[in-house]
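Listed in TrEMBL:
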type     : residues : note
TRANSMEM : 20-40    : transmembrane segment
DOMAIN   : 23-515   : domain 'K+ potassium transporter integral membrane'
TRANSMEM : 60-81    : transmembrane segment
TRANSMEM : 149-172  : transmembrane segment
TRANSMEM : 192-211  : transmembrane segment
TRANSMEM : 218-240  : transmembrane segment
TRANSMEM : 264-285  : transmembrane segment
TRANSMEM : 297-318  : transmembrane segment
TRANSMEM : 338-365  : transmembrane segment
TRANSMEM : 386-410  : transmembrane segment
TRANSMEM : 422-443  : transmembrane segment
TRANSMEM : 450-470  : transmembrane segment
TRANSMEM : 476-496  : transmembrane segment
DOMAIN   : 527-783  : domain 'K+ potassium transporter C-terminal'
COILED   : 696-726  : coiled coil
Amino acid sequence: MDLNFGKCCGSKKKESWRSVMLLAYQSLGVVYGDLSISPLYVFKSTFAEDIRHSETNEEIFGVLSFVFWTLTLVPLLKYVFIVLRADDNGEGGTFALYSLICRHVKVSLLPNRQVADEALSTYKLEHPPEKNHDSCVKRYLEKHKWLHTALLLLVLLGTCMVIGDGLLTPAISVFSAVSGLEMNMSKEHHQYAVIPITCFILICLFALQHFGTHRVGFVFAPIVLTWLLTISGIGLYNIIQWNPHVYKALSPKYMFMFLRKTRVSGWMSLGGILLCITGAEAMFADLGHFNYAAIQIAFTFLVYPALILAYMGQAAYLSQHHNSAHAIGFYISVPKCVHWPVLMIAILASVVGSQAIISGTFSIINQSQSLGCFPRVKVIHTSDKIHGQIYIPEINWMLMVLCIAVTIGFRDVKHLGNASGLAVMAVMLVTTCLMSLVIVLCWHKPPILALLFLLFFGSIELLYFSASLTKFREGAWLPILLSLFFMIIMFVWHYTTIKKYEFDLQNKVSLEWLLALGPSLGISRVPGIGLVFTDLTSGIPANFSRFVTNLPAFHRVLVFVCVKSVPVPFVPAAERYLVGRVGPVDHRSYRCIVRYGYRDVHQDVDSFETELVTKLGDFIRYDWHRRTTQEDDTVRSNEDSSESRLAVIGTVAYEIEENLQPESVSIGFTTVESMEDVIEMAAPPPTTTVKRVRFAVEEEDRYEEDEEAEAELRSELRDLVAAQEAGTAFILGHSHVKAKQGSSVMKRLAVNFGYNFLRRNCRGPDVALKVPPVSLLEVGMVYVV
């Protein structure tokens, strides 16, 4: 929906605001489920062991003051008013920040990057590149290659911590909600009932994931809204009933009084206080499903006040009840007459909050996979209408097993809170570091502002992070161990993927070799289309030369296909296919680069083969149209032996010329009747020219300037159709990777054992590309990296 469209007139503007309010309501169930259930366990986790609630109330008022200012400074000030503005074409999250930085600074480690990618409509920069924006920070980052790797490791760390949070949040949320049964059961019965009930709910939660969030998502927002109204109402009741002056504890002086009295124990208890902001990262991560205004309104005017009232109500009740029969917790402050309804709503709210973080884990793993940082896994899109609703079976069942094991192993809120708190603060620290780079490199603000942002919010988060680290032996070891495990997997996969690409680049075959193949060498052309899949965006891949060496024949129509990811969230369908020729026209060889963003649905067409042939036909018409209007025959003859000219085939055709001087390009379309628009675009590099031409490629009868050229055009199109009818073969490389002789022990372990183990036990490229098994031809390749 276009929220800016309503500016045309008053009624449209009102309609736009209604849309924003509807999105704000819907965001409650998706974005704020995790954050809204934190009152269940914050006070209980904080007062677990380190500090005690005394008659002076200094401890409880100090904790309330910490909670209030933490919620105010981190979710409200940092995320709502600053971080949410750093979106990537409306998308948020760790990869969105990394994508922004990579577009403004040359720090990306992704292979097969092209200048043509910068012509994408979604490849927008925050500000036009100007010389005065060439800061010292940018030059320093581009100069030192080790910083590129360090930046990627930082992003992977944040990603791994999100995955760890994906199994810890459901455990602590559901366990805390079910713990309300202790108010109505004896201790002997309670300890044998909570764990089985929690595990049963978790099993049901993960078992329902394959149905998709959209099937039950319509009930999420009402549940969270009911929960927020419930805890705020109970909080307001407790304030009026027990301590109307509890608002004075919001003063920062109570934080200093708390630390002065409790000292080291108070600092260690901060590991429980930080749980009040679990789920705040979801506001930025789920930005793409809503918009800035909706998330800002929902948090500022509903979620934030409701949480503050809930915490104040608990503190007001505890300030008058120092000798409770039960430990400090949420349910002791709930009036007995509404205990059971609140318990049911709390369990439902915990399930909703868990659902949100599980869906977020699926999304971030899918993004990692798209950028070559995670082994290929099966991704199921559970909704045709709602973008981003995905389900990953392997990850789902792995999370379920780990989640149940953690619940049974820890058995209390304290250890679960220690583990969850460290994961949450690690993700926020990564966001703070990346955001400080965005301020300098993308927003072009003075470095002093970025430094102030880093120091202010970084010091707050480091304080909480250090408190979490002290609980290493009491549960905080778990997210560190999980992150280390996933980081090793992701880094080994990414490192070896880059080395494989470098090997392909060094061993690619020249174009002259391909053109020299013919009957004189015993090579024959057989009917059909041969799709040679490669990671290269130029040149002839080595796996094709191996194929021709072992089978001296290749297809009449040859297409070198490269499916690549671009550091943007989405690539419009009209700009996805980048097509060009390989060699002269009569060779019938083409190159097709299929580009996807990190949030795109890969292979989102029913038949990739049919779609590809359609784009080839459009390109052939476009190319012959360009040739008939080309005045310089010398340039035309030079193009026959090159592959420098590529075109984006869609509703708009772009000509991308790399490694050519702009003045050497001459394209005249002014005499063509079918041309609707000609737009010349200035690309950043001085050696690249990008021209955009809008025309109707499907109308062949308009190409009558040259009858001979039209006859050749129809001949080439007939050859393409005939080849499609004869059948299509998908030629893929079946790779085995091994480290070079003399490599270090770590490299040999990572490549020879780690990568090859992952490759054998994850989805193959043929499955990921949806290649029909009957049409598959695999060529064995040994990569020495």
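The backbone N, Cα and C atoms fix where each Cβ goes, glycine too.
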Near the transmembrane segment (297-318), which same-chain residues lie under 8 Å Cβ to Cβ, leaving out any that are not at least 6 residues past its ends?
20-21, 24-25, 27-28, 31-32, 35-36, 38-39, 42-43, 53, 60-61, 63-64, 67-68, 71, 75-76, 80, 225, 228-229, 231-232, 234-239, 241-244, 246-247, 249-250, 276, 283, 324, 328, 330, 332-333
Which bits of the chain, at least 6 residues beyond where the transmembrane segment (20-40) starts or stops, bring a Cβ under 8 A of a Cβ in it?
3, 75, 169, 173, 176-177, 213, 217, 219-225, 227-228, 231, 275-280, 282-283, 286, 289-291, 293-295, 297-299, 302-303, 306-307, 310-311, 314, 330, 346, 349-350, 352-357, 359
Restricted to the domain 'K+ potassium transporter C-terminal' (527-783), the mean pLDDT of the model is 73
Any chance the transmembrane segment (386-410) and the transmembrane segment (149-172) are in contact, meaning at least three CB pairs closer than 8 A with a sequence separation of 6+?
yes
State, in range form, which of 192-211, 338-365, 450-470, 476-496 has the highest count of Cβ pairs under 8 Å to the transmembrane segment (149-172).
476-496
May I ask whether the transmembrane segment (338-365) has at least three C-beta pairs under 8 Å with the transmembrane segment (218-240), counting pairs 6 or more apart in sequence?
yes
Have the transmembrane segment (476-496) and the transmembrane segment (338-365) got at least three CB pairs under 8 Å, pairs 6 or more apart in sequence?
no
Six or more residues beyond either end and a Cβ under 8 Å away: which residues meet both conditions relative to the transmembrane segment (338-365)?
29-31, 33-37, 40, 93-95, 159, 162-163, 165-166, 169-170, 173-174, 176-178, 180-181, 183-184, 201-202, 205-206, 209, 213, 220, 223-224, 226-227, 230, 234, 279, 282, 285-286, 330-331, 374, 377, 379, 388-392, 395-396, 399
